[in-house]
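S.K.: Following this message is one structure expressed as structure tokens.
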Amino acid sequence: MGGKKKKGGAAKPSPPTEPKGKPQGATGGDLVEDFDDLEVEDESRDMPLEEEEKEEEEVKMKEDKPPATGGAEKQLSRKEMKKIKKKEEMERRRLAEDEGGQFSYSQRSTQMQAALFENASDIKIEKFSISARGKELFVNADLNITAGRRYGLVGPNGMGKTTLLKHIADRKLSIPPNIDVLYCEQEVEVGDMSAVETVLRSDTKRLKLLEEEKKLVAEGEKGDDSNSERLQAVYEELEAIGAASAEARARRILAGLGFTVEMQGRATIKFSGGWRMRVSLARALFMEPTLLLLDEPTNHLDLNAVIWLDNYLQCWKKTLLIVSHDQNFLNDVCTDVIHLDQLKLYYYRGNYNDFKKMYKQKLSQQEKAYDKQQQDLKNKKSQGQSKKQAEASVKTAASKKKKKGGASAAAEDEDEGPAELLQKPKEYKVTFIFPNPPPLNPPILGAYDVSFGYPGQPLLFTNLEFGINMESRVAVVGPNGVGKSTFLNLLLGRVEPLSGEVRKNHRLRIGVYNQHAADQLTLTMSSVEYLMSRFNAEYQLARKTLGRYGLPGYAHTIKIRDLSGGQKARVVFADIALMQPDLIILDEPTNNLDIESIDALAEAINNYTGGVIMVSHDARLIQETECTLWVIEENKINEIDGDFDDYKKEVLQQLGEVVDD
């Protein structure tokens with residue numbers, strides 16, 4: 001790309017020097033012992049509520065089959081009676097629940113005058129609560145969204161972020177009627193219509209005006225001038241909405257998301273699910289709703305598309321609410337952060353880094369308040385009060401202090417009941433550890449004059465020459481479709497070169513994480529059973545390893561097929577750790593991880609003394625691990641002579657975007 005590349009392809013690694021990070025055998029901290037009380041994320045977001053309904057539907061289908069005829073009636077068995085009772089219970093539930101009835105919600109009625117509410121540009125909802133099948137997600141929470149600001153909604157997985165977006169989109173919460181809301185979540189409906197036409201036709205106002213213009217012009221050509229004023233008004237409306245530049249804008253968005261000119265004209269039915277999601281995102285950006293809701297928008301994108309979307313949304317003029325695990329993306333795009341914590345929403349001005357600083361200060365203040373309350377309890381007990389008396393006294397003092405805050409604090413008290421004892425603040429943390437391998441002579445893996453292409457297609461690679469050693473930290477980058485995953489498969493021996501050779505050290509062990517790695521797990525086993533059988537590991541070691549990678553204790557003994565996507569990802573990382581690899585290959589490792597887990601992964605890579613090769617759309621992971629960038633283009637792999645910011649500028653310049661120096 002440009003003049004930033006070194007000549008002669010990717011640089012050959014030098015012999016290993018003193019390994020970085022911890023000495024071999026270091027564990028990076030004490031292992032978690034209390035498995036059932038692990039303070040890790042609840043990933044119920046990834047565990048579909050529909051699963052139970054799906055099982056029930058299967059039972060219903062079996063039960064609805066007509067009984068066999070021709071025989072005498074026989075008394076129902078105990079098992080059959082149980083099925084009938086279950087069916088009856090299902091029917092009762094269906095009658096009691098409307099569509100989406102697994103959720104219940106409530107909110108305080110607004111005192112805002114009807115006229116003000118209907119014309120409001122901001123969203124202000126007080127004291128709303130949402131629960132999912134008995135699990136509380138929000139209790140007396142407040143939602144405040146100011147027009148024109150860009151919000152990042154953050155918090156551990158499974159706490160209700162997606163649920164909140166859906167409740168806003170479905171207007172189950174009181175959203176002012178003049179705010180049009182678009183929640184980008186589904187693949188676009190497929191058909192013979194091209195990608196660009198699908199995007200253009202999402203602007204129904206423009207379509208109606210164009211149809212009206214066509215009709216009025218036809219009438220004028222027949223000599224009917226009675227609608228000339230209306231035709232002029234239509235021209236003015238079309239000009240006001242930028243109709244003339246609509247196609248150029250649609251193509252710019254599609255190009256930014258990775259669509260070539262040929263792909264823009266391709267029928268949507270010919271695209272895979274991931275590309276259909278990109279069409280859906282392009283359509284949402286093109287429509288420019290008053291409030292745009294994006295849930296993990298970078299998950300289906302490659303790095304180049306993320307760079308473009310990041311840049312595009314920085315100039316977004318309307319209101320934006322994003323759920324994302326990509327810290328760089330949140331830092332660049334967001335003007336505000338909403339933190340979902342302890343069933344409530346807390347608001348912070350600034351980007352994600354600003355939020356982290358302020359949240360750390362908040363935790364520090366909470367710890368001081370907790371320590372002070374504990375000291376008060378201790379003092380009262382030393383003065384002769386019983387534990388019950390001391391706690392009652394402290395609660396009373398806290399209630400009085402709260403009421404001094406005035407009418408609003410008193411009203412809050414009324415909603416939330418008497419003051420309770422403070423709980424010790426718990427910061428959500430995850431720790432990943434990859435055991436350090438013994439040294440191997442370089443190169444541990446290398447390509448020698450390798451060429452490769454799929455049958456009947458142009459070559460993807462010609463005459464590749466490179467070497468990997470134990471110190472290598474490589475991020476493979478390039479636009480979608482250039483062969484990044486194929487390159488990794490060449491290294492792993494999953495595809496064979498047409499010419500040349502890929503050689504590896506005979507002692508080399510490679511740990512692999514990719515988006516389909518979970519499919520290789522034994523789904524009928526629990527995660528503990530799987531690790532014990534695969535590595536002949538002791539029960540305690542298997543559970544400690546799973547706990548270290550953030551799998552909740554209750555999930556250790558659940559069959560792998562019943563785990564969420566995020567939980568399966570943690571089992572794969574535990575599997576990699578126990579195999580003690582010399583080289584780790586990561587293909588989009590962040591898709592099922594939350595922000596804290598991505599931080600833990602970056603730290604684990606930095607402390608690891610083996611080699612790492614990754615393909616990732618997460619810029620921060622690439623930067624935090626100080627990866628060398630290898631770009632794939634023109635059938636070659638070249639090392640970028642520069643840093644990530646240099647690569648980012650080149651990507652935007654190639655897309656014709658304005659880049660600030």
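A Cβ is built for glycine as well, from the same backbone N, Cα and C atoms used for every other residue.
Remember, it's a predicted structure, so these values are computed and weren't measured experimentally.
Found this in TrEMBL, in case it helps:
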- 31-56: compositional bias 'Acidic residues' (COMPBIAS)
- 57-66: compositional bias 'Basic and acidic residues' (COMPBIAS)
- 86-97: compositional bias 'Basic and acidic residues' (COMPBIAS)
- 369-379: compositional bias 'Basic and acidic residues' (COMPBIAS)
- 382-397: compositional bias 'Low complexity' (COMPBIAS)
- 123-367: domain 'ABC transporter' (DOMAIN)
- 445-659: domain 'ABC transporter' (DOMAIN)
- 1-102: region 'Disordered' (REGION)
- 369-420: region 'Disordered' (REGION)
S.K.: Counting by DSSP secondary structure, give me helix, strand and coil numbers for the compositional bias 'Low complexity' (382-397).
M.R.: 12 helix, 0 strand, 4 coil
S.K.: When the pLDDT values for the domain 'ABC transporter' (445-659) are averaged, what is the result?
M.R.: 92
S.K.: How many of the residues that make up the compositional bias 'Basic and acidic residues' (369-379) does DSSP mark as helix, as strand and as coil?
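M.R.: DSSP composition of the compositional bias 'Basic and acidic residues' (369-379): 11 helix, 0 strand, 0 coil.
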